[in-house]
Structure formats: C-alpha cells, structure tokens
C-alpha cells in the first residue's frame, strides 16, 4: 500500500464494527450533510405550502430563479438573503399577533377566507404561526455551519480581494469635501456588461472605469471570470459622472436602477453563454414529473374547480359530463409538456430560461392568488393542490439543473432504448401501446429537428428502428438464456407463458357474460316493493276496481314457505330454471283486499252504453287488468329530482343530504264539502318549505334535466350486452387474430439472426441528423430502404458474426 496509518485503520475497523442501526444513523447524517442545501429548499417549499402567503412566496421564487441556477452552488449572498429574510418574517409575524389590531378580533370568522388581506399577506393571528419559520431558520443555519466547516462560506470574498489587487484602478474616486455624504457609492460594484454602457452628464466629465467583481454578480460562479474577460478585451462599464449630478434625484434613481438591472442581466447572460458547460439530460425525469402531475389532475380534478361536489372523474364521465376545470387543467398541463419537448429538441437554453421564468411566476400566481378564489378555500386546505404544487416544484428544480448544465448536443432515439433487456423491452412496448403517443412523439420530433426527410420517411425510420430494437432485445435474451439444441421447452415456460395466455383469452371471451351475470347475483341488492296496485277496467270506461297493498299487506316468505313454493314446481323444468336466479329474500307476497278502495264514478250515458255492450254477446268486450309496483323511496318528498338521458328519474342525493338537506315536509288534509247535491270529500296536499311562497296549496319540484346526445349519434349508445361484446371481444379479437395470422408474410423481417448492423445504421441516421450532415442523412436513409427491398442483401447483413 502507498499509504498506511495504524490509527486510520483502527478507526475504520471501529466504525465497521458498530451496530447496523448506528451505521444507518451515520449514513443518514452524512447524506444530510452532503445535501444540506436540498434540505433547506425542501423546508422553504414546505413552509410555503402550509403558510401560502406573500411573505413565504419570495424565497421559493428565489430558489428556482437564483439559487438553483447558480454555478457551481448558490453564493453567500443568497444564503444571507434567505437568513435575514426569514428572521425579518418571524419578527413581522410576531408583531402582528397582538390583539389590538382590528383584524385579530374576528379570527374565527376570517380564518377560512382566502382573500382576507391578512391571510394573503401572512400576518393573520393563528396558533403555531412561526413553527415552520423557525425550522426553516434552523435548516439555513445548519447549512451555513456546513459551508463554514468546509471553507466554502467566505469563498466569494476571497475571490473579491484577489481581484481588487489586480484592479486597483477600479475604485470609485470622488472629489470635494462631501465624500462622506456619498460614501454609499464607494462600495457599489456593477458586473461587466456584454456591451459598453456610456452615461453622459452635462457637468464635469471624469472617466471612471468600474471594476468587475463577484461580490454583486456572484449569483453565478462563472462571473469570477469576468475580470479575465475584461483583460481579454471584453467591454467594460464606463461612467462619466460628476458629484453634483449624482446628488440629484434623477441621477441617483438611474444609478440605483442600473445597480439592480445590470447584475441580473449579467447573471442570465452568463447562464445562457457559459464559459464551460457540463451537459446533462434530465428530460426523462422532467417528463415523469409532468406525468405525475397529469395523473393528479385526472384523479383530483375537482380540487382545481369551483366546488368539490364530484368525488372523481369517473362519476362525471359516466353521466356524459366533462367538467370545465378538468378540461382546462389537462390542456394546460399537456401544453406545457409539448413546449418542454420542443425546447428539448431545439436545445435552446434561452428559450428554456424564458419558459422557466414564465412558469415559475405563472404557477405561483395562479396557485396562490387565483385558485383560492376559484375553489373558495385556502391553498393550505387543498391537499390535492398542495401535492400538485410539490411535484411541480420537483419539476422546477430539474429544469433549473438542466438550464445550469446545458442541453445535450445529441438526442438519439428513445430513452427506453438505451439498453437491451426485458425491462426496456416491455416498457418500450407499453409506451407504443399508448394511443397516439408514438405518433405524437414522432411528429413533434420531425417538426423540431433539422432533417431532409419527409414526414412519411421519418415515420418509416422510426418504425424500422422500433422493430429492430425489439428484435435486438429478443436476441440478447436468447444469448443470456440459451436454449440447447434439440431440448424441449421446460414446463415452467410452457405452463407459465402458455397458461397465462390461455387464461387471458378465456377471460376476454367470457368477460361480458360473467360481468353481466355476477354484477347482479354477487353485488346486487334486494329492492323490495313498497306499493302494489291493481286496476281493472271494462271496455275503456272508468275503472271498476282499484286496490293497493302496502306495509303489512306486503309479506316476505320464510324458508319453509319458499321450499314449499319450489316443491310445487318440481316437475316443471322451465319454472325451476327461472327460480334458480332468485332467493327467498327476493320474493314478496302482496295481499290485496277484495273491496275496491274507491267509488265507481261513471256518467249515466256511459253506464247505459256499457250495459248494452255487455248484453251484446256477438260483440267483443275487452277487460283490461293493469298493475303498478312502486319501490324504494327513502323519504316522503324529494325537492330536487334529476332527469337523466334515460327514462329513470331519481332524487339528487348531493342536494338532499348534509347540512342543507331539502327533503321537504308536506301536509295531508281531508276536505269535506256539504251541498244540495250531497257530501263530497277530497284530499289536499301542501308543501311547507317552498322557495317561491304561494298562498294556495301546491307542491314544488325542481327538475334537473341532463343534456342528451343528438339523434345522429344515438346509434352509439344503448346496445347493452351486444355492445359490450362488440367493443371488447370483437376489437380485442381482431388484434389477437392479427398476431396469429399473416406470419408467413413477415418472416424475412422477423427472423433476423443478427440485427446489429441494421441497428447501427438507424443510429447513424440519428447521429448525422444531429450533427447537421443532412446530405449524408439522405444517403443513409436510401441505403436503409434499399436494404429492406433486397432480401439477398438483408440475409448478408443479418448473418451471425464469425
């Protein structure tokens, strides 16, 4: 060994011999120390998610637009800004907790109002108002101690002192006895600009060259090279000024504006035009973050809309309704993914920086100022929105890392095709199964990539590359798990793969029948009738008999009676087959009285005419027997009823439950009228809680009618089990049939022993396209097409290497 120390060796043995729990604690602490800045970022974002105020909004924006964009790490100025800002925020929150402020007298009334000014600013009175701020301050001081321990805290100041020695002529020289009054200008440092800035004032002209320092422009580590740029001939910032003009208000305002503007401009200029670039590619991770946000929107779209009446997207889509909140959020999320893909393909860092700035300000403004007003609740009470924002913060961090490192110079193929194994194979095939995703990606790549190929030729190359990649994965798997010559397949493979396919095909074929049968027999519930009515009518005249059975007149069968009922049909096969689907709880016995429950009212002429019809034995006289069955209605009178596209109207449970229950009470009274014609009686119903008050007895009912599809599209609905068969069995069966048929026509393209040369040819096409060799791209594409047109050449190219 080149170096040996007994104490170090003993120390290493000591730590290795510690318990696993203690080693885990050591590892977690070392991870915490190594990523202490990420801990600070996480705590700051978490504090803002919980507080959701203007006070906590500043630091997250500075993280994504300053700290994470700094190379190689955030400067001391940022961390001091974060520490001082957190301390000031704690003091401000503490000051406004006193009860003599007017808004602190009605805390219980205003605490849930999203647009209450103290809630927006973050100075409302509440319990634990400063807990997360203290944790944030603790994390910042912990990171500060780590930087001091490694000598990185005063690194920028050392760079400043060294540059001061080289540029002693850059100090601001002021004349006159009023030097103290303008001492604040003495230490002002403006970063070197890209182009010379000359400011001419009408008084005494004294050319003063400002020095290039990293004390103000230290937002980026690259600015430490600014002094060297000036020595290589870079333009410097020149000011021609006089003391009397600087003292003026206009000159001072202009000077302060430049003091803020120039470093920011130089920071982003250095970011877009770096001296060095450690290129990286985190587009896959950004895409995954956007995909997770997309899934959150799909399953939690109600959290971004007006109210949260619907529980999930399936309940809304089942009623043929597309919520506006869901549509807007999906379109915005999908649009940002398309723009991000375009910037990635064009490799434009400037566009990515502009997009990052727009997204950071836009997302924060929308999430913390617009969304609370739309949802009528505070952001801190919206769990789904908080989760969406946290994932978006991960996306912002990845985007900042991509900007800081720069885009890769070459984008070759799909990220799933980097290796040839089963995982990449199945993930790539799953990617191609997503509807329109492969086509959309191919078209976007063609639009935003320099190429001489037409769209059809581009898609042809993509299809050949995908096909060859799949074959390459299978060939690599055959090499890793070789099959000896003349040996039969193992039972594990046959019963594992073949058995799974058999079960899958059987389930697909019989799924509709199983679904329609089990959904009622297993998951179905008994819905017993509440009222059974019988009406008998002679020849279309007034009914001669009406009777209803309710409550005690509707009886259930016990097990003995049910068995006796089944025994009476023992010899009837058709009847027993029908009764197989029912149990004793599904049968109700209605006991109707023989006396009609209403008087027979018929006019004398109709009575005479009916008698004549009955006496005429040669003519037909119809007897109509009608019945009606009423089933479950939970309460007496539902105030709101929904009329869906089908014929079944039902109460709206969302409006009839909870605090604002609108199941209304009704009064039933019997009115008796005595006149010369006799005594007449009738029943009168009146609703008590009516929205539109009327003096007379009446009933109110709100009907919500769903929109229906136009008649021209009605053929798409209402097919029942046949439609289920057509959509499931026939469609999937078509794809399965295509998999098993037409194999002979694809043998010359499928049975390729070695596809390395073809795969390399496709990769070469991608490579020359990225390097701008467009003529060579045309030649290689023509070679690829010729290869697929010539079977003999294909055989030579796909032979095994010897």
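Count begins at 1; order follows the chain as displayed.
The backbone N, Cα and C atoms fix where each Cβ goes, glycine too.
The stretch that TrEMBL tags with transmembrane segment, taken from the ranges 689-712, 713-736, 737-760, is 713-736. Among the ranges 14-32, 109-127, the one that TrEMBL lists as transmembrane segment is 14-32. Your range for transmembrane segment, going by TrEMBL and the list 192-214, 215-237, 238-260, 353-375, is 353-375. When pLDDT values are averaged over the domain 'Piezo non-specific cation channel cap' (632-800), the model yields 70. When Cβ-Cβ distances under 8 Å to the transmembrane segment (387-407) are tallied for each of 282-305, 325-344, 353-375, 419-435, 495-519, the top count falls to 282-305.
In terms of C-beta pairs under 8 Å, the stretch of 353-375, 419-435, 495-519 lying closest in packing to the transmembrane segment (282-305) is 353-375. Sequence-distant contacts of the transmembrane segment (353-375) (same chain, at least 6 residues past either end, Cβ-Cβ under 8 Å): 52, 57, 60-61, 64-65, 114-115, 120, 268, 271-272, 303-308, 325, 336, 339-340, 343, 382, 385, 389, 392, 396, 399-400, 403.
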